[in-house]
């Protein structure tokens, strides 16, 4: 597995500088992370700026993550003194919960300002996160309009903007930012598996083997339910055996009856993305 993975488009370097400049203008930092990989979908840059303001972690895409593991992550964050919640951003009441939780974190500050005779002003929050974690979906739903560009390409939201959610709540949107490089290959694996970087950044066969082995260890029943069997990872050629069996069952063959690995990879990763293998979490608090 590659030990040093570089992936840092130019607009991300600019975004970092802009985010650092905006922190002093807001009351709260709302960080979105993918519930399937809460540790890997954080960002060292965000960890640097979050110390300056109250911080709310929102685990998105909870419907795709193992609910028991997600609950363990929430307890883990709360134990560390970080406010956290998990949400399915496709549900309307999720946005009301975010606004209410944000205001509750600032309750003491707002009360102090009131006692000092300061005029009430809107709560202003900075929304941050890595690409494809759901920032645009969050902002669009909160603003009840297409406030930002949305898409399934990492980093599609390029420009920062302020969005008025209500008379007493405003958001600063920011582009998704990633590390200048991945020093931990496992972090890169998890980020690729949740779709925050293109899986072409890493060797596809390495991602496939990593994910398949993980599922065999943690979610074997998901493989059986979807494919009718699971590989025996104690076997020396377990990956090849799995591919041969999928090739036979799906008739994924090239000329001369060779295994069509590309179609197997497409099937497998498509099943992961669409949730056809069930709710899966790629990391646990004990690993953090």
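In case you wondered, yes, glycine gets a Cβ from its N, Cα and C as well.
According to TrEMBL, the protein carries these features:
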BINDING   132, 133, 134, 135, 136, 137, 176  GTP binding site
DOMAIN    16-180  domain 'CP-type G'
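Of the listed binding-site residues 133, 134, 137, the Cβ environment within 10 Å is emptiest of other Cβ atoms at 137.
Local packing around the binding-site residues 132, 136 was summarised as the count of other Cβ atoms within 10 Å of each Cβ; on this measure the leading residue is 132. When pLDDT values are averaged over the domain 'CP-type G' (16-180), the model yields 81. Within 10 Å of the C-beta of residue 135 (GTP binding site) there are 28 other C-beta atoms, taking all protein chains into account.
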